[in-house]
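Report on the following structure.
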């Protein structure tokens, strides 16, 4: 197994430790990278605003979307600014009329598109078609979020413009209009404020901090989109602003024309979810891993999955309406489905308790709970599965060279990929394009490496020296006694004392610039797939490296897991 020979001040090979003096040097060298209170798993350092904008516009593919929004706004703005059919309205309201109407057109189009990215069945099918070479369907969730923030921005612009319009109407015709009456007594004003309230609630409950800590809050309140869409369907039907020539007023707003296609597709998606969820799924085995990670193995007839795909899982005994995404960790060649779940949130804790886990206790987790009916757990809960759905990791085998980077539990998509590699090497059924894999796993807790230790040991035992290169990094702070034990057991040892692998564990974070440069020099004239699952900060740093180290002969192609 190959191992990079380098040190950047934040990662130190354990083989360099030979005395207690070295221990002090290691603690001083790794202090910045190993304080639990200061560093996340794989936390890379600050990124400039210029880099962030470049990453968002180029790697996330949002530049075209930005141009479309500017074009839509400009089209509607200039139409209302120069049209001879709105001269009376422009004389009363001024430039805020075309501003409000320009924002309204963008809102119509955005609201009609925002449901398509969350139709996962449709997206999974589309990414298997040649269209996936043109449209980045793996970034559907990023597209959904970008449209959502666009809706927020243009809603605020539309609202501000109409506030000015209401004030001007109340000044030009005070006997007919009052400012407060227009704001809260008119049809557009009342429906507009209710839509704004629903939108703000959805936005605040969708913030990463809320969504990660209280997914249930995010999930339930996000259904206010039904209120938003319902009110939007009547918002423009009150004839407050009319053109100069007939027809002066329409009986119904035109918004329904924009969302009928995506709304119908989303309704079909929800029906399919319920139908797939009713198919019988049986939990066959529950395995407890260190750091409060539960592995659930399940069997479901007629359910075929590819490496790197994910499912939505529901446990009716915990919550009938909550569906949570989890990456599949089994290989397609295995006859069961498995997920590794970290017990951290309300849903996962409740699920863990229902599985018989001591999620609140301080006792060590046992290695195996056993199969259903073995006496340890008499009745395991019923679960429902929706999926599997396509994900970025599916494309690993489309490249000759790939870089897999997982931080903490973010390693789960690559467990399925690595298992599939093992099966393809030992039981080949067809030629594979992939011939080199660089696997980086960054963990804060040394016990976390036990999650897939047997898999990595199996890969090493097949002597895949020319195929896979494993790098493990430990970022968490070790106690003095633990470091001493590592030093005593690691000297002249054939196996690493942390992971049991021949590849040595390094302290701290990987030097990404050094790694990307090294890999690029070894694989000229090659497109290299970069696949990542983990903290957002590290993902941004990796995206920046993909842009920085790509040249006219070697391209680093970025992929990130999105749920």
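Placed from the backbone N, Cα and C atoms, the Cβ positions cover glycine too.
Remember, TrEMBL labels are computer predictions, not curated facts.
Quick look at what TrEMBL lists:
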{"type": "DOMAIN", "residues": "276-395", "note": "domain 'FAD-binding FR-type'"}
{"type": "TRANSMEM", "residues": "62-82", "note": "transmembrane segment"}
{"type": "TRANSMEM", "residues": "102-126", "note": "transmembrane segment"}
{"type": "TRANSMEM", "residues": "146-167", "note": "transmembrane segment"}
{"type": "TRANSMEM", "residues": "179-205", "note": "transmembrane segment"}
{"type": "TRANSMEM", "residues": "217-238", "note": "transmembrane segment"}
Ask   = Taking the domain 'FAD-binding FR-type' (276-395) alone, what is its mean pLDDT?
value = 78
Note = Within the same chain, the residues 6 or more beyond the ends of the transmembrane segment (146-167) and with Cβ under 8 Å of it are 60, 62, 65, 69, 73, 93, 96-97, 99-100, 103-104, 106-107, 110-111, 113-114, 117, 177, 179, 182-183, 188-189, 192, 195-196, 199, 203, 206, 241
Task = Report the DSSP secondary-structure composition of the domain 'FAD-binding FR-type' (276-395) as helix, strand and coil residue counts.
result = 15 helix, 41 strand, 64 coil
